[in-house]
Amino acid sequence: MLRDRDSRYTQAFDAVFTTAGIEIPKTAPQAPKMNAHAKRFIRTARAECTDRMLIYNEQHARRVLAQYAEHYNTGRPHRALNLRAPADDPDVIPFCAQRIQRHDVLSGLIHECHSTA
């Protein structure tokens, strides 16, 4: 579990995780943006996925998050990447297709659109 050096994380907080065998690396001193990408993914995953679903158990949570991570990296447009997904090939120029097909992800919670041949 990666955490920052905030004073609200006491030794008692760390002890709970270390007794369970979980290592707790800390971010570098005076580096507030070191964990920004992870925090942004978590915020987006909560807003688009887990806050809208009832998670039954750990296995269900792992399956939902794995499916959402695949959508996030292959099907979801990102503004920072010029509305491309991180897994998209930057050397390929997308053309407008004649037909667009919708594909449901997570039982219809998320909709992806792909061009058809």
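Any Cβ shown, glycine's included, is placed from N, Cα and C.
Over in TrEMBL, the protein carries these features:
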DOMAIN    1-94  domain 'Integrase catalytic'
DSSP-derived helix, strand and coil totals, residue by residue, for the domain 'Integrase catalytic' (1-94): 45 helix, 4 strand, 45 coil
Integer mean pLDDT for the domain 'Integrase catalytic' (1-94): 87
